[in-house]
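Undergrad: The following feature annotations were taken from Swiss-Prot:
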ACT_SITE  Glu12  active site, proton acceptor
ACT_SITE  Asp197  active site, proton donor
BINDING   Gly78, Ile152, Met173, Glu174  substrate binding site
Amino acid sequence: MIIGVIGAMEQEVMLLSKQLAKLNIWQQARCNIYSGWLHGKKVVLVQSGIGKVSAALGCTLLLTNFEATLVINIGSAGGLSPALAVGDIIVSEEVQYHDVNVTAFGYDKGQMAQYPLLFPASPSLVALTKQLTEHTNINVVCGQIISGDIFINGGQELYKLKRRFPQAIAVDMEVTAIAQICYLFAVPFVGIRVITDIADSVSHKSFKDNLITVVSHLSLLVSDIIQAL
């Protein structure tokens, strides 16, 4: 088993990379790659950069160069549900684009041409994540995450998202692109995101203020998942 983990930003992968034994670090196509061992398992961790294209590139490297057998996407997200708070962890049951529109050709909003509307996460990885957090004080919510190349900062963008995608509980900029690559390679994936903001008019400030603190909880959870696999 080779476990692939991918995050967009240095802050999102830094703590997990420090846990890897026999660590090798290098760069390819502007992706920072960390290869090592954790809990007796081979782990390849990629810091891809922000956005859908960077995420798709990083995931493709994981699957072609390292033949990862599963992919865990980690990082931050903006909360869309009023029930969510900063520090809550979101586990993707399914993911979808919010900035894709080829409805002129009969597709639904958010559906890429020639692809399904929704990309489901691995049920077993979702179940394992839920199981590992049952007896903790971490609030874990499973549901739909939507992705696009927009940092949602309140206003009309937030209003449009909530109106067009009422089932979505969180928004990010990478996980659906990663899911699409995993779909092409028939490799199981799950997205695990921590809420850093609630996508409102001060979300940029909340994101900066909260990122380092809340990501520490996420790193511990991912380490537990790797141990349990």
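Placed from the backbone N, Cα and C atoms, the Cβ positions cover glycine too.
Just so it is clear, the model here is predicted, and its values are computed rather than measured.
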Undergrad: By a simple count, how many Cβ atoms lie within 10 Å of the Cβ of Met173 (substrate binding site), its own Cβ left out?
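TA: Here the count is 23.
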Undergrad: Quick one: Cα separation, Glu12 (active site, proton acceptor) versus Glu174 (substrate binding site), in Å?
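TA: Rounded to the nearest whole number, the Cα-Cα distance is 13 Å.
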Undergrad: If you measure every Cα to Cα pair among Gly78, Ile152, Met173, Glu174, the residues listed for substrate, what is the largest value in Å?
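TA: Comparing all Cα pairs, the maximum is 13 Å.
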Undergrad: Taking the Cα of Asp197 (active site, proton donor) as the centre, which of the binding-site residues listed as Gly78, Met173, Glu174 lie within 10 Å of it?
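TA: Final answer, ordered: Gly78.
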Undergrad: Specify all same-chain residues, apart from the site residues Gly78, Ile152, Met173, Glu174, whose Cβ lies within 8 angstroms of the center of the Cβ atoms of the substrate site, ordered by sequence.
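TA: Close Cβ neighbours, site residues excluded: Ser76, Ala77, Ser147, Gly148, Ile150, Phe151, Val171, Asp172.
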Undergrad: For Gly78 (substrate binding site), what is the secondary structure by DSSP, using just helix, strand and coil?
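TA: For Gly78 (substrate binding site) - judged by DSSP and reduced to three states - the answer is strand.
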